[in-house]
Amino acid sequence: MGCTVSAEDKAAAERSKMIDKNLREDGEKAAREVKLLLLGAGESGKSTIVKQMKIIHEDGYSEEECRQYRAVVYSNTIQSIMAIVKAMGNLQIDFADPLRADDARQLFALSCTAEEQGMLPEDLSGVIRRLWADHGVQACFSRSREYQLNDSAAYYLNDLDRIAQSDYIPTQQDVLRTRVKTTGIVETHFTFKDLHFKMFDVGGQRSERKKWIHCFEGVTAIIFCVALSAYDLVLAEDEEMNRMHESMKLFDSICNNKWFTDTSIILFLNKKDLFEEKITHSPLTICFPEYTGANKYDEAASYIQSKFEDLNKRKDTKEIYTHFTCATDTKNVQFVFDAVTDVIIKNNLKDCGLF
C-alpha cells in the first residue's frame, strides 16, 4: 500500500511540476506577446505606420504587391489635380493660360473612366502635366489649407513623368504615400526583439468609438498619431471643426479612459516634415489664438507637445511617451519604433516584478 501511495504521490508531483512548467511557459509567452493599438483622427498617418512595419519588420512589398498599388497611385494623382482645379472656382483663381480651361474640361471627362480601369492614359497624363505647370493652378495649390487635399498631391504630381510611364511599377516610397481610407480594423503581425507584435489600425470609426473601445482593454500599448501639420485645417466630415482640436479631444478621451488605466500611451506627433515647412507661413495662432511664441519649428512643436501632454489627468501615475515622427521616412520610423519597443520591454519587466 505504501508503495502505491508513493507512486501516486510521485505521479502527482510530476503532474504538478508539468503544470507549473506550462504555466511559466504560458506566462513567458504572454509577456512576449505585445498588442499595439493605433489610434488617431483621420489622415494622421496610422496606415503609413502599418506599411512601415511591413517594410522594416517583414520583407517589405514584393514587386507584385507594388504593382497592385499602381491603380491607387493613379487614383490619388487624378483626385489631387481634380481637387485643386475644383477649388480654383471656389477661391476665384483663374488659369494663367486660358487654354488650360479646355484641359480642365478634358480632365473631368477622362478621369472617371481612367479611375475605373486603374489606368493613366497618355492623353490624361498630358492634360494633368499642363494643368500642374500652370501658375494659376500652383497659386491654388499654395492655398490648399482652404480645401481638402491629399498630403501626397505634390509628391505624385511632381513625379508625373515617372508614374505615367507604361511600364511603371510603384516604389516602396510610392506605396507609403498612397492614401486609402481605412474602414474597420486592420491587423498586422510581426516579430521584433523577441516580441510578437499584433498591431491594430482602427480607422473610419468616429461615431462608433463608444461601442468598440472596451474591446481593447487588454492592449499593451496605444500609439496615438497626431498630424502636426493639421493645425490650420478643418475636418473633411465637419468643416467647423479644426483638425488639431479634434485630435486633442480624441486624445483626451483615450488617455483618460478607464479601460486604459494600465496601458502605456505613446504619442506620435507625426508629419513633422510638413509642419516644419508650413509653420513659416501659416501661424500657429490659427489653432491656438493664445500662442505668443515664434512661428518656428522647435518652439511651435514643443507648444503642441505640451498641449497634448497637459491633457493627461493622471500625471503622477501615467507617463506619456512622445516622439516626433515622419511616417513616410523609414529610417525615422525605425529609430522611433526601436525606442518604443524598449519602453514596452521595460514596462513588461516592471509588470513581472523584474525591473
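From the backbone N, Cα and C atoms, a Cβ is placed for every residue, glycine too.
Noted in Swiss-Prot for the protein shown:
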- 40-47, 176-182, 201-205, 270-273, Ala327: GTP binding site (BINDING)
- Ser47, Thr182: Mg(2+) binding site (BINDING)
- 32-355: domain 'G-alpha' (DOMAIN)
- Gly2: N-myristoyl glycine (LIPID)
- Cys3: S-palmitoyl cysteine (LIPID)
- 35-48: region 'G1 motif' (REGION)
- 174-182: region 'G2 motif' (REGION)
- 197-206: region 'G3 motif' (REGION)
- 266-273: region 'G4 motif' (REGION)
- 325-330: region 'G5 motif' (REGION)
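Mapped onto this structure are the features recorded in Swiss-Prot.
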residue: Gly40; record: GTP binding site; Cβ neighbours (10 Å): 25
residue: Ser44; record: GTP binding site; Cβ neighbours (10 Å): 28
residue: Ser47; record: Mg(2+) binding site; Cβ neighbours (10 Å): 21
residue: Leu176; record: GTP binding site; Cβ neighbours (10 Å): 24
residue: Val180; record: GTP binding site; Cβ neighbours (10 Å): 11
residue: Thr182; record: Mg(2+) binding site; Cβ neighbours (10 Å): 18
residue: Val202; record: GTP binding site; Cβ neighbours (10 Å): 20
residue: Asn270; record: GTP binding site; Cβ neighbours (10 Å): 29
residue: Ala327; record: GTP binding site; Cβ neighbours (10 Å): 26
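Using a Cβ-Cβ cut-off under 8 Å and counting only residues 6 or more beyond its ends in the same chain, the region 'G5 motif' (325-330) has close neighbours at 45, 48-49, 52, 55-56, 172-173, 176-177, 225, 268-273, 336. Using a Cβ-Cβ cut-off under 8 Å and counting only residues 6 or more beyond its ends in the same chain, the region 'G4 motif' (266-273) has close neighbours at 40, 44-45, 49, 151, 221-230, 251, 297, 301, 304-305, 308-309, 320-329, 336, 340, 343. Here the Cα atom of Thr182 (Mg(2+) binding site) is found 16 Å from that of Ala327 (GTP binding site). The two recorded residues Val180 (GTP binding site) and Ser47 (Mg(2+) binding site) have their Cα atoms spaced 9 Å from each other. Secondary structure of the region 'G4 motif' (266-273) per DSSP, as helix, strand and coil residue counts: 2 helix, 5 strand, 1 coil. Annotation note: Val202 (GTP binding site) sits in a strand segment as assigned by DSSP. Residue counts for the region 'G5 motif' (325-330) under DSSP, split into helix (H, G, I), strand (E, B) and coil, are 1 helix, 0 strand, 5 coil. DSSP assigns Gly40 (GTP binding site) to a strand in the three-state reduction.
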